[in-house]
Amino acid sequence: MKTIEDLGELRGKRVLVRSDFNVPLDGTTITDDGRIRAALPTLQALLAQGARVLITAHLGRPKGTPDAKYSLAPVAARLGELLDAKVTLAKDTVGEDAKSVVAGLADGEVALLENVRFDARETSKDDAERGAFADELAALADAFVSDGFGVVHRKQASVYDVAQRLPHAAGKLVFKEIESLSRATENPERPYVVVLGGSKVSDKLGVIANLLGKADRLLIGGGMVFTFLAAKGHGVGSSLLEEDQIDTVKGYLAEAEQKGVEIVLPTDIVVAPEFKADAPATTVAADAIPADQMGLDIGSESQQAFAAKIADAKTIVWNGPMGVFEFDAFAAGTKAVAQAMSDADGFTIVGGGDSAAAVRTLGFDEATFSHISTGGGASLEYLEGKTLPGIAVLED
Ligand SMILES: Nc1ncnc2c1ncn2[C@@H]1O[C@H](COP(=O)(O)OP(=O)(O)OP(=O)(O)O)[C@@H](O)[C@H]1O
Ligand SMILES: O=C(O)[C@H](O)COP(=O)(O)O
């Protein structure tokens, strides 16, 4: 992959940068700006060279049409503070305002296009539709820098197709991520433990098939748990459940047994009648979740068991919170895993927007982890050994 330096003289050139600014928000307040900070080295390097920097990014999963709730306005404001520069936010993605904002950029100035997923073509499965959108994005710039590591597993117009249309390079964050993550893919020291949680259950269940051939132990927490418990024939009340994945999970359990891979499930669950910060929480056995309750965290017995499985590991990868850590009553499982990783002697990788945010908002020292990845799904797919479209397209 080419570096920014390989792009040659950039003064006066319009450089389109794809960043991952998919940050957690509470209303319009950014609760963790880690992904914005991680983007700074590339942006600062381009600005220092006198490039006219135009950033494209997504926030959340809007339905392919403008939606104020997913505006990048809070990101533009925070980026301006961190860069100590004015960051103009275009009101659209490739429309009249975007064009006029780009035309108004002077050397060393930066602008952000509005949420790229406000245009349905960005995430279209149709190559021609995505291509047409990428043509319009590419027309705004002279070169493309891919630096949104968290999104390189997506074959989307601003990640993949636009790179085919402009001279391109990988940004500093992409190189840094690959360097750190490759330590867990090339001969990982064993025991190799993967801790999986979070709420993007259907996205992340798929990685288990590949991890069964690589890891020695899989610890399952978060919203992922309930499809496993259902596969074992237990009721899960109103917990998050991917019913159409139950058979697949049964297959994983059988395969793990055959391959000698340990799948560790929680034995107790913190439940509540509803998804609310002040909902009354109780702990129940994992095989006895009442029909009118939902599981929102792993219980204390499970926390201790998970910590013990992490303590003697030499490579530990964690992706996805163990519970709804945003609510204090359901944060203990996530804290326990973060603590165990922070205490472990092995090589530790935390991946995922929310997992990384959890580590920081729960007060852990980032330096006690070997690598905090900005990628969630992207880091997992990289660790699975998959070809990531947003990386492959940069390799000439
Ligand atoms: N039992 C549960 N039920 C519902 N939601 C849960 C549960 N456990 C965790 N979560 C939620 O999972 C969310 C994070 O999941 P997600 O899969 O997005 O992880 P991530 O680390 O952000 O990875 P990525 O970067 O791929 O999004 C958190 O907001 C948390 O509240
Ligand atoms: O949060 C992430 O993992 C990335 O920003 C990708 O977001 P997506 O899962 O909505 O594509």
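Including glycine, each Cβ sits where the backbone N, Cα and C put it.
Note that the coordinates shown come from a computational prediction; the quantities given were computed from them, not determined experimentally.
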Original post:
Per TrEMBL, which one of ARG35, ARG37, ARG78, ARG130 shares the substrate site with ASP20, PHE21, ASN22, HIS58, LEU59, GLY60, ARG61, ARG117, ARG154?
Top reply: ARG35
Subject >> Given TrEMBL lists GLY295, GLU326, GLY352, GLY353, ASP354, SER355 for ATP, the same-site residue among LYS155, LYS172, LYS176, LYS204 >> reply: LYS204
Original post:
How many whole Å apart are the CA atoms of GLY295 (ATP binding site) and ARG117 (substrate binding site)?
Top reply: 32
Subject >> Rounded inter-Cα distance in Å - ASN22 (substrate binding site), GLU326 (ATP binding site) >> reply: 17
Original post:
How many Å lie between the Cα of ASP20 (substrate binding site) and the Cα of GLY353 (ATP binding site)?
Top reply: 10
**OP:** Measure the Cβ-based neighbour count of ASP20 (substrate binding site), defined as the other Cβ atoms within 10 Å of its Cβ.
**Re:** 26
